[in-house]
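Chemist: Mind having a look at this structure? Questions to follow.
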Amino acid sequence: MGKTVWLVCCLALALHQPEVHAFGRGAPDSACLSMLPGHGTDAQSSPSPYSIVLAPIENGNGRRLVNVTITSQGNADFAGFIIQARPENSDNPVGTFEVRQEGAKAHTCGSGLKNSVTHTDKNPKRKVELIWEAPADYDGHVIFNASVVRDYSTFWTGIKSAPLLVRRTATGVEYETSSKKPTTRIPYQTTISSTQRPVNPQSENQVSHPIFEGCNSIKGCFGWPSNCVASKSCRVLVTYMFKGSAYEFELFADDRVWAAAAFSDDKIMGDDSVMECAYEEDKGEVNTYVSWNDSPNPGKGNHRVESDLTVLEKSYKDKQLYCRFSKPRVSTIEGVTFDLDKHYHLFIAAGTDFKGNRLGYHQSERDLTAEKISLADIQAAKGASKILVHLHGAFMVAAWIGAASIGILLARYFKKTWVGSQLCGKDQWFAWHRVFMIFTWCLTVAGFVIIFIEIGGWSSADNPHAILGCITTGLAFIQPFMAALRPAPNTPKRPLFNWLHWLVGNLAHIFGIVSIFFAVLLPRAELPEWMNWILVGFVAFHVFMHFIFSVGFSILITSCVTLIIIF
């Protein structure tokens, strides 16, 4: 009997031995660096059912405080954990934790104080809420790293939050968080920032889409046209936030039937992962897709691939298209891995043309971020520079509304009147006519070249601006060569040259002005509609000047004839 009892006790001790190494009262110092529980088994390779949620504390009384929550998805309880805040490229924990609930305690790893938190018992937990304070001299990103144990043989390591950007203000000690409180749609990754972005107030009668709520405070936003997010006037918008173990996106388009966003390693479309939100009129429904943008891409189109999007909401109402969906942090498309924790250029585009399973070409209605961005950072993304587009427009307006108009008036009405003096051996009218026409030629050729550099090819938009611009440039290009080959004044071919020179010049001027009118309709130009009235005013003024000079010239001729008859 005694021998049997002894065997039972030995067996019980043997079975209980793993619990001794489970560290039921928290992680030991030996786990500070590796963050491994030391259970003798490997960590799970499946996606973690646990996540780290960050939210700013608005009134920290000058302290830089962030709520940190380890939470489970569904019914996944956990027994133990360890969590630290680490710089992006370091394993040394930073900051200080404050624990205000049972079942957890602050722990010191290495230098510092209370820079880790672990469990104090093995009771089942659904979430643990902590407060983290940034160091006084810290400026940069931190990532919260955790290991979570469900039971002795089941645990996950390397559970990371999205990067948290900590910025110092001018005082060097005070940090500011967003002035807007989190909505019920958190969890989200946030930024402790030194500035608050002003938002243009809207009138009470102006109603904006709900997608703009929380832009650049609880979610990142990137829209088109430029600077439209603050005024809530975007025609195309993508929002992004880190939520749980995935990223959540919203796509919005006003008066368009599709909107898309793409992740790219460069500023050129090609070999990119594309997310689509499209209203399919033939089906009467809104759908989301994932597509691949080929490189080279002569057709300017995408081909669909298997979707990894989880649709959360979609609608098409009052010509406003909206989709909300989540996407895994890591995905592989056409053999290319996209890790959304990395930095990418973000493209956005929208259009009115949806052909079957292909998006219509979107040369005009698109934009991209000027720099690669982190989707985990809640801050305003800046669009790419429009300097080449602006230069193209400025050059063409200066050429055809300014220089060409003056040059034509000089040649037509001052040829026989401004001959009393010379410039560089030529009559004043001719010298200045040549100056203005050379100026027109140089600006036109320069504007023609830089817009092709900006677009990267031919524009297939329905707007005739491109073809009219090419005709204008072609006519303008040959004018100086025609002038250089002009016959002598008294030769038989001189009248033919005069008529051809007049015809080509006036056609170029007309096509140039009409082309500028059509440019106002291009979304890429971002011009207000009242620009048309300015152009109409110019045309009226130009015609009026022709009338004044024509009448004045007729009066001058009549006066001269009268004087001749009198004398």
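Keep in mind that glycine also has a Cβ here, set from the backbone N, Cα and C atoms.
All TrEMBL annotations are machine predictions without curation.
The following feature annotations were taken from TrEMBL:
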SIGNAL    1-22  signal peptide
DOMAIN    17-182  domain 'Reelin'
DOMAIN    234-351  domain 'DOMON'
DOMAIN    355-555  domain 'Cytochrome b561'
TRANSMEM  394-414  transmembrane segment
TRANSMEM  435-453  transmembrane segment
TRANSMEM  465-485  transmembrane segment
TRANSMEM  497-521  transmembrane segment
TRANSMEM  533-566  transmembrane segment
Chemist: Ranking 394-414, 465-485, 497-521 by the number of C-beta pairs under 8 Å to the transmembrane segment (435-453), which range is first?
Modeler: 394-414
Chemist: Where else in the chain does the transmembrane segment (497-521) make close Cβ contacts, counting only residues six or more beyond its ends and a cut-off under 8 Å?
Modeler: 393, 396-397, 399-401, 404-405, 408, 444, 463-465, 468-469, 471-472, 475-476, 478-479, 482-483, 486-487, 527, 529, 531-532, 535, 538-539
Chemist: Averaged over the domain 'DOMON' (234-351), what pLDDT does the predicted model reach?
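Modeler: On average, pLDDT over the domain 'DOMON' (234-351) sits at 87.
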Chemist: For the domain 'DOMON' (234-351), DSSP counts of helix, strand and coil?
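Modeler: Going by DSSP assignments, the domain 'DOMON' (234-351) contains 0 helix, 79 strand, 39 coil.
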